[in-house]
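Student: From TrEMBL, for reference:
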- 1-14: compositional bias 'Basic residues' (COMPBIAS)
- 1-51: region 'Disordered' (REGION)
- 25-42: compositional bias 'Polar residues' (COMPBIAS)
- Gln322, Tyr351, Glu372, Asp420: S-adenosyl-L-methionine binding site (BINDING)
- Cys447: active site, nucleophile (ACT_SITE)
- Cys447: active site (ACT_SITE)
Amino acid sequence: MTKRKNKGYKKSGNKRNNPEKQNNKQHSPQGKSKGSPKTTNKPPRGRKGIIAEVTCTGLTKEGKGVFQWEGKELSVENLLPGETAEVIISQKGRFTNAELKRVIKTSEDRVISPSKYYYERGGCQIHHMSYEAQTRFKQHTIDQLMDPFGKPDSIITMDHPYGYRNKNTMTFGMNKKKQIISGLYAPNTHRIIPMDGSMIHDPKADEIIQTIKGMMKSFKMQPYNEDTERGFLRHVLVRVGKNSGEIMVVLVAASPMFKGKNNFIKALKKEHPEITTIILNINNRSDSMVLGDQEKVLFGKGTITDTLCGLEFEISSKSFYQINPVQTEKLYSEAIKMAELTGNETVIDAYCGIGTIGLVASQKAGKVIGVELNKGAVRDAIRNSKRNGVKNARFYQGDAGEFMVQMAARGEKADVVILDPPRSGSDEAFLSSIVKLKPKRVVYVSCNPETQARDMKYLVKNGYKVKEIQPVDMFPQTVHVESVAKLVLK
Ligand code: SAH
C-alpha cells in the first residue's frame, strides 16, 4: 500500500467559476516572484478584472486549484495546493471568472510538463502535476466517492504514462492568417487549439496527421469551415494496434467528393508505408461527433487487428475499443480475478463492445453471453470470437437493460454478471434484473466512478455487498479514473 497524503483536496468543485482559457503571455508557473506582488480588490486602471494574490487550498474534481477570495470559494486552472499566485478575477454575468496570471510560490508537485501545449489544455487537464501527485489526486477522488462502501485498493499506475492512446484524433481548420491548422477543441468550445502533437497521443499517429496537414496545400485540399460549411477535411483519426503495429487512417470529410484521391493516397502511403488501411468517412453532421455514418475503404481491409490478454481482436473505425491497451490488460485481469471463474459459470458480459472482456473470460468460464447496443461492435465481437476459436460465447445486439429484463422473465440463470457501461452508467431496468437473476457475483467496470457509486448503492440496497474496489489509471495526465468493483450476493 502506498502512503496517501490527503492534505489539500476539496470535496467538490466550484460551479460558478468558468475560466475558459489562461493567460499565455504572462503566466510563468516556474517563474520566481519579482518583489512581492500586492493584493488589491479594486480593478486597476486600463484592465478588466482585479488582480489578487491568492493561496491554493485544494483541488476540484476537474483538477482546478481552489482558493478563497472575498468570502467566495473560486477555482482556477493550473494551480496546485500550497501554491500562491496572482490571479485575474473578473465578473461575467453571474459568473466570477479566475484566470492565472503568474505563480509566485510553486509546489513540489509541479512539473515542467513535457507538453509543448502547456498553457492550453488539449485534453490533458493535470499534466502540470507530477505523476505521483496525479495518482494521489485520483486515489483521493475514488476514496471519497466510494466511502459508503469501504476503502478502495491503491490505484494501479502506469509505468510510462505518456503516448498511450491507440485512438488519436485531430480536427482541421484555418487560422486568421489563412494557414491550415490541426488541433483539439478547447474545452466546451469549437475553437481549435493548434497542436502538432499531444503527450498522450501515439507519436506515430501524430506524425501521420502532420504529414497529412503538410500535404493538403499541394493537393488543394481545404479544411472544413463549420461557419461557412465549406471545405473538405474535418478530422483525421488514426487508430494504432499497439501490439500488432497495424495502423488505420480515417479521413473524415464533409463530402464524398475527394478530388485527387488516388494520388493523395499514393503519396500518403509513400511517406508512411506502415499504414495498413485508409478509410474515407463522410460526416455532414453539425454536432461534435467525429465520425459520420457513411464510410468507404480507400486502401486495405478497413479494420486493424490487435492483441489484448493473448487474444486477437479486429477493430473497425467506429467500434469502442479501450484507448490504453497497457492498462486495459491490468484492468481486465483484475475484473477476471474478481469474477472467480472455475470453468462452469454462466457469465454475462453486458455493454460488451467488441467482446473483449467476455472473450477473455470465456477461457475460464462455462459459457459467456455478451450484449451490446452498437451493431458494428456486435459484428466485430462475433468475428473476434471465431478468430480466436472461442466456442462458448454468444453475442447479442440490443439494450443491455431490456436484454436482462427478458432473461429474468424467462427465468434464465447467470452466475456472474460483468458490466462495463458508458459514462452515464447503467439503468434501473438492468440493475433490477440483476436483483431478480441473483448472480453470485457482479463485477462492475466503470470509466465514471460517480455513476458507478450511484448504481452500486442500488445493488447494496437490494441484497449485494461490495467486496473490493480497484481503481486503475487508464487515462494519465487527465482527471479521469477507471474503477472495477466486486459485489457479492449476501
Ligand atoms: N466492455 C467493452 C466496451 C465498454 S464501453 C470494452 O471494454 O471494450 C461501453 C459500451 O456500451 C459501448 O460499446 C457502447 O456501445 C455500449 N452501450 C451503450 N449503451 C448501451 C445499452 N443501453 N445497452 C447495451 N450496450 C450499450
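Note: Cβ is positioned from N, Cα and C throughout, glycine not excepted.
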Student: Near Cys447 (active site, nucleophile), which binding-site residues out of Tyr351, Glu372, Asp420 have their CA within 10 Å?
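Tutor: For Cys447 (active site, nucleophile), the binding-site residues whose Cα atoms are within 10 Å come to Asp420.
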Student: For the recorded S-adenosyl-L-methionine site formed by Gln322, Tyr351, Glu372, Asp420, which further same-chain residues have Cβ atoms within 8 Å of the site's Cβ center?
Tutor: Phe320, Asp349, Ala350, Cys352, Gly353, Thr356, Ile357, Pro421, Val445
Student: What are the sequence-distant neighbours of Glu372 (S-adenosyl-L-methionine binding site), meaning same chain, six or more residues apart, C-beta distance under 8 angstroms?
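Tutor: Result: Tyr351, Cys352, Gly353, Gly355, Val378, Ala381, Phe395, Tyr396, Gln397, Gly398, Ala400.
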Student: For Asp420 (S-adenosyl-L-methionine binding site), list the number of other Cβ atoms lying within 10 Å of its Cβ atom.
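Tutor: Cβ-Cβ neighbours of Asp420 (S-adenosyl-L-methionine binding site) within 10 Å number 26.
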